[in-house]
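Engineer: Pasting a structure here, questions to come.
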Amino acid sequence: MKHVTRIQDLGPEGVEAVLSQAAAWKLKDPGHIFPGKLLGMVFFNPSLRTRTSFEAVMLRAGGHAIVLDVGSGVWKLEDRPGAVMNADRAEHIKEASPVLSRFVDMLGIRTFSQGGGDEEDEADPVINAFRKWATVPVVSMESAREHPCQGLADALTLRETFGTTKKLPVTLTWAPHIKPLPKAVPNSFLLSAAAAGCEVRVAHPPGFDLHPAVRAEAEAYAKATGGSITYTHDQDEALVGSRAVYAKSWGPTAQTASTPTDVAALLASYSGWMPTRRHMGKAAKDAAFLHCLPVRRNVEVADEVLDHASSRVVDEAGNRYHVQRALLAWMRGG
Ligand code: CP
């Protein structure tokens with residue numbers, strides 16, 4: 001049984017297989033490849049793209065998706081082993097996951113960081129509880145550590161735009177926000193781009209480092225695929241010569257800022273990191289702009305970047321459908 005809740009479940013070979021299949025099926029629709037199959041989708045958090053694209057995949061492939069919103073028509077779920085369940089969480093994942101597995105053929109889970117810090121995000125307790133107790137394959141629809149479907153869609157978009165991702169210079173740049181965001185998307189972009197052989201430059205202000213385990217994993221992929229990864233606090237330096245610019249906000253490490261006031265002041269001090277056309281002008285002439293969406297215009301990214309012809313954000317979102325169809329097929333054995 002293949003679960004995919006992190007890029008590690010695919011490795012560079014699996015990433016390549018999914019991207020190739022997604023590209024092929026984008027040209028020639030495979031039709032009803034999931035006849036009568038059910039995908040149970042458990043959402044702890046909101047979504048526009050993930051929810052719609054997975055539902056569309058299942059319906060168009062001859063199957064069906066059942067959407068459950070935790071805490072809204074579905075019991076609030078407990079994940080902690082040994083918890084004394086005397087508060088608002090009425091059901092444990094230890095029962096919920098195997099019970100749902102009796103009704104559906106695959107389970108998709110969306111569960112953001114619970115705000116417990118970098119080590120808790122690295123442990124990814126909620127999706128790992130589902131994974132542990134499910135008796136059907138589990139696919140991540142974004143968890144605390146990673147958003148693998150987003151990373152795959154990002155890599156497919158780069159491949160379509162430039163023909164190849166091998167040694168493609170791309171910059172992942174931190175961007176400002178009104179609040180600290182989880183690191184799942186930057187983690188997944190870094191891991192997917194490294195697994196696809198890109199030359200990745202990561203730019204962020206001091207104190208916004210990605211987790212050492214994520215960096216080590218990405219380094220191993222880059223080594224295996226002939227790619228490379230560099231880190232800098234100098235955004236302009238990273239952008240020079242980049243063929244693609246990927247902007248995303250994420251929160252500081254706990255050591256950098258722990259109180260809400262400290263975090264707010266820190267985020268406000270880096271408003272100059274918001275990508276504008278000045279920033280894009282540092283990159284290569286044909287540089288593409290990517291962002292996972294949703295994006296806060298003129299806080300995280302300037303209108304002039306999002307509305308420019310070089311922006312691929314809508315195509316990138318559209319590719320969620322294509323990579324997820326290929327991924328679910330890969331999980332079911334190809
Ligand atoms: N990028 C992404 O996952 O979008 P949603 O949060 O709308 O699903």
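Cβ atoms are placed via backbone N, Cα and C, with glycine included.
Pasting the feature list from TrEMBL:
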type	residues	note
BINDING	Ser47, Leu48, Arg49, Thr50, Trp75, Arg110, His147, Pro148, Cys149, Gln150, Cys292, Leu293, Arg320	carbamoyl phosphate binding site
BINDING	Glu142, His177, Lys248, Arg296	N(2)-succinyl-L-ornithine binding site
DOMAIN	2-160	domain 'Aspartate/ornithine carbamoyltransferase carbamoyl-P binding'
DOMAIN	185-331	domain 'Aspartate/ornithine carbamoyltransferase Asp/Orn-binding'
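Would you situate these features in the structure and describe their surroundings?
Structural biologist: Under DSSP, Ser47 (carbamoyl phosphate binding site) is assigned to coil, being neither helix nor strand in the three-state scheme. Over all protein chains present, the Cβ of Ser47 (carbamoyl phosphate binding site) has 17 other Cβ atoms lying within 10 Å.
Annotation note: Glu142 (N(2)-succinyl-L-ornithine binding site) sits in a coil segment as assigned by DSSP.
Helix first, then strand, then coil: DSSP counts for the domain 'Aspartate/ornithine carbamoyltransferase Asp/Orn-binding' (185-331) stand at 72 helix, 21 strand, 54 coil.
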Engineer: For a quick check of packing: other C-beta atoms within 10 Å of the C-beta of Cys292 (carbamoyl phosphate binding site), how many?
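Structural biologist: For Cys292 (carbamoyl phosphate binding site), the 10 Å Cβ neighbour count is 24.
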Engineer: Which whole-number mean pLDDT does the model give the domain 'Aspartate/ornithine carbamoyltransferase Asp/Orn-binding' (185-331)?
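Structural biologist: Across the domain 'Aspartate/ornithine carbamoyltransferase Asp/Orn-binding' (185-331), the average pLDDT comes out at 96.
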Engineer: Report the binding-site residues (Ser47, Arg49, Trp75, Cys149, Cys292, Arg296) that meet this criterion: Cβ distance to the nearest atom of ligand 1 under 6 Å. Use sequence order and write none if nothing qualifies.
Structural biologist: Ser47, Arg49, Cys292
Engineer: What is the total of other Cβ atoms whose distance to the Cβ of Cys149 (carbamoyl phosphate binding site) is within 10 Å?
Structural biologist: 28
Engineer: Among the binding-site residues Arg49, Trp75, Cys292, Arg320, whose Cα is within 10 A of the Cα of Glu142 (N(2)-succinyl-L-ornithine binding site)?
Structural biologist: none
Engineer: Using a Cβ cut-off under 8 Å and a sequence separation of 6 or more, which residues in the same chain sit near Arg296 (N(2)-succinyl-L-ornithine binding site)?
Structural biologist: His177, Ile178
Engineer: Ten-angstrom check, please: count other Cβ atoms within 10 Å of the Cβ of Arg49 (carbamoyl phosphate binding site), all chains counted.
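Structural biologist: So the number of other Cβ atoms within 10 Å of Arg49 (carbamoyl phosphate binding site) is 19.
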